[in-house]
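What Swiss-Prot annotates here:
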BINDING   HIS104, HIS108, GLU205  Zn(2+) binding site
MOD_RES   LYS759  N6-acetyllysine
MOD_RES   LYS770  N6-acetyllysine
MOD_RES   LYS770  N6-succinyllysine
REGION    803-834  region 'Disordered'
COMPBIAS  804-814  compositional bias 'Basic residues'
MOD_RES   LYS849  N6-succinyllysine
MOD_RES   LYS884  N6-acetyllysine
MOD_RES   LYS946  N6-succinyllysine
Amino acid sequence: MWRCGGRQGLGVLRRLSGGHAHHRAWRWNSNRACERALQYKLGDKIHGFTVNQVTSVPELFLTAVKLIHDDTGARYLHLAREDTNNLFSVQFRTTPMDSTGVPHILEHTVLCGSQKYPCRDPFFRMLNRSLSTFMNAFTASDYTLYPFSTQNPKDFQNLLSVYLDATFFPCLRELDFWQEGWRLEHENPRDPQTALVFKGVVFNEMKGAFTDNERIFSQHLQNRLLPDHTYSVVSGGDPLCILELTWEQLKQFHATHYHPSNARFFTYGNFPLEQHLKQIHEEALSKFQKIEPSTAVPAQTPWDKPREFQITCGPDSFATDPSKQTTVSVSFLLPDITDTFEAFTLSLLSSLLTSGPNSPFYKALIESGLGTDFSPDVGYNGYTREAYFSVGLQGIAEKDIETVRSLVDRTIDEVVEKGFEDDRIEALLHKIEIQMKHQSTSFGLMLTSYIASCWNHDGDPVELLKLGNQLAKFRQCLQENPKFLQEKVKQYFKNNQHKLTLSMRPDDKYHEKQAQVEATKLKQKVEALSPGDRQQIYEKGLELRTQQSKPQDASCLPALKVSDIEPTIPVTELDVVLTAGDIPVQYCAQPTNGMVYFRAFSSLNTLPEELRPYVPLFCSVLTKLGCGLLDYREQAQQIELKTGGMSASPHVLPDDSHMDTYEQGVLFSSLCLDRNLPDMMHLWSEIFNNPCFEEEEHFKVLVKMTAQELTNAIPDSGHLYASIRAGRTLTPAGDLQETFSGMDRVRLMKRIAEMTDIKPILRKLPRIKKHLLNGDNMRCSVNATPQQMSQTEKAVEDFLRSIGRSKKERRPVRPHTVEKPVPSSSGGDAHVPHGSQIIRKLVTEPTFKPWQMKTHFLMPFPVNYVGECIRTVPYMDPDHASLKILARLMTAKFLHTEIREKGGAYGGGAKLSHNGIFSLYSYRDPNTIETLQSFGKAVDWAKSGKFTQQDIDEAKLSVFSTVDAPIAPSNKGMDYFLYGLSDGMKQAHREQLFAVSHDKLLAVSNRYLGTGKSTHSLAILGPENPKIAKDPSWTIR
């Protein structure tokens, strides 16, 4: 996977949500792993490594142990923390000097087989032989990272063995290079009369990546600002330059870059360090001697005067104003990221300059009305050796480029003169305190990503983690010099000659020109072929297709057994009590580290139908327009000072027993330090009772930003949009899901953003508020420590008594609603006093009939996103478990080969959602009709039963790795709160998963897949397709 970017701001502190179930208890009150690690001493010799630093980092509850490998000089960092979700990563400094994508294609190809594990594609096969909570690989601008995580010690050793062999001893076969990188091949590899075309997974991935105008801008920004060395090229590969890479060059790059002397090893969690060191030394490092890698990145030569560049991109078909599609930014080169305190200071400074409606650049640029949103890469970018700061606007008229540049300069002058308000600095430091206390299930992954860039350039990763020291020093600098930050702005922005103004305008023929250049390149390569070359291409194509189609013996790979999976789930203790009369509140006592997490769910059943499409917009602006006596700036300041964020989001929650029944509502979410709980609940009180819907100008700004963000998300999420659309006509909830989260929402926001008079939309918000922001049909949830519960109960009760209630009961808009009490299980998962259980008010449509719809959304992309959805059964139906295993089986044993390996798409597969919709999808796919045919073949394959018990067991392991993914303390009990899923119901489903057999898979394949057009729907996002255009059964949008 290629990523243009890395650590931005305080990336380590960004919250990542947990999974949907947790298999082992969190033990943050224990520090056994830290204490064990503190026993190591400087100079200790352990399995070929020498300890050279042991440091306690109490603010992150960990002990850091730095080591060096004696024979190779390989660096090693172990972070001991009492976390069961253990992580390993190995990182190589990869510094390409051209845009052929060699590090990216190498990242793909090393995972295609190795000396110890010579079977094809061991990486993807391990997804089904493991209980990993994460497996992937990333190519950044100057390093390549291979991380995995798991909670199972045996699994950790298995995955470590595969990763070590893949990275240090890969096969690097020519056919794998052809498949993953690029190749010339006949359109139909079995017919030499068909045209020769370019194919390859990375080739298509990068074509897809550069359909995203934000990616194009970000890539050029880095290339132009840092032109001297490796940052001047595209590490992921420019599609047209990829076509120049040879297999020999790939092997040479591995030989010079994938060596222990150029490697950094990282482990995290509560597994013993000695076992890791022993295995890494014996299986990999003992076979190497030290070299001096010539991979260092030299410092960029500073400019003596600012520079300007203009680039072009494809047009935005969702632009709210076609004459305003230009992007411009002003960027400044900053110091080396290995100066950790300076990097920390500049990261904070960046947030003060650009984050939220009180920041100087928000006021000057966003509220100018010139554009729709900040330019890409706004703020501090710390993922290159020297960081940079960038700020500007997208969605502007070309004539306003100079105006934006002047506004940037003027804002810098004002900040130098006036500085920042104390409250804004305190709010930012409060945010850091919250983020240090908040516990993510993916903390190890966050840490390895956070330290990667600094460590890559020989900075001290442990210093980077000592956030307490950095904060103390920052406060001291401010105290000793009140103009500390103003002087930084003057030094790095006002007086900085290394300054780039980059502008990007749309070219209506951009994609056409790119296609023409590719066609010319193809013509040149084809014309240069001799008859012998053509014959060799034909034979190689046949050989590759034969290899892809041949059953692979993966017995060489290590694997867990189904018996390694825990048979039962742990109990989650919950208390549900009625508060303020009849509002159920769920309390979940957890080790939240001094944090309180509050949520409320409010039903939309009484909301008039014509207001329903505007609910997502209502949610996105609710906490940003002001409330009570606070205007929107003051509200933003209070939210930053007193909470870790307050948000609202629409939800369509499926029933667990009926496909045509669902719950609709809005989830309100927030978190805070326990000392600020009364203030947070008071803010919710004001938002519910006295929201401000009069600020028309700021509402316009928020509408434009939302519309722009939705449009920008399409290239990365096209497969999700296709699946949501394809599921629209299969269940009653599907139509609402499309309204809330699909292309219908994107198009509606575009229309609203285009309106010259936005008052009619603004007037809808108080009407929605009347039905939503009250105590009717509401339930609440709190996660906090046991010690905080009494204080929490009082604060929540005060909030619930303060909010309005309807004088008379409003009738639901939909005629059929049912009241469904949420069950409590005998397993002790929820203590529910008699008469106070949660009652969900569900919408049901007993006469609903599914129907088929085929939609092709025309997009200016050179790749496609294809989705097919099939209506099956709800969660509690025993067939749901079989279909879940079947989806994984079809992905691993059929669709991966057909769609990715043969078809060249970046991704594809099958999945079963909680709502009973079975989806087949592809991502960044050069094909459409062929992919739909592959979906059909996958169904035929499933119905044929050509899979073994070993295949079924592997699919179960893969499914359980998701089912048993860790859940953070903040998210415990959420399945019960939102979906009504008790531990007893989840245990029953778990037993159904264990019981899935060959006969059951065969039965559900024949019963649900391919049974009739009415239960299937299709959607595609992508370029025009002549075959689809001629087919009257398709709707073209």
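Every residue, even glycine, has its Cβ placed from backbone N, Cα and C.
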Among all chains shown, work out which of the recorded positions HIS108, LYS849, LYS884 has the most CB atoms within 10 A of its CB.
LYS884
LYS946 (N6-succinyllysine) has how many other Cβ neighbours within 10 Å of its own Cβ?
12
If you measure HIS108 (Zn(2+) binding site) to LYS849 (N6-succinyllysine) at Cα, how many Å is it?
45
Based on Cβ atoms within 10 Å, give me the single least packed residue among the recorded positions HIS104, LYS759, LYS770.
LYS759
To the nearest whole angstrom, what is the C-alpha distance linking LYS849 (N6-succinyllysine) and LYS770 (N6-acetyllysine)?
33
Using all protein chains in view, find how many other C-beta atoms are within 10 Å of the C-beta of GLU205 (Zn(2+) binding site).
28
Return only the integer: C-alpha distance in Å from LYS946 (N6-succinyllysine) to GLU205 (Zn(2+) binding site).
31
Check the Cα-Cα distances from HIS104 (Zn(2+) binding site) to the modified residues LYS759, LYS770, LYS884 and tell me which is shortest.
LYS884
Please tell me which one of the recorded positions listed here (GLU205, LYS759, LYS770) sits closest to LYS884 (N6-acetyllysine), measuring Cα to Cα?
GLU205
Whole-number Å only: compute the distance from the Cα of GLU205 (Zn(2+) binding site) to the Cα of LYS770 (N6-acetyllysine).
47
Rounded to the nearest Å, what's the C-alpha distance separating LYS770 (N6-acetyllysine) and LYS759 (N6-acetyllysine)? Just drop the number here, would you?
18
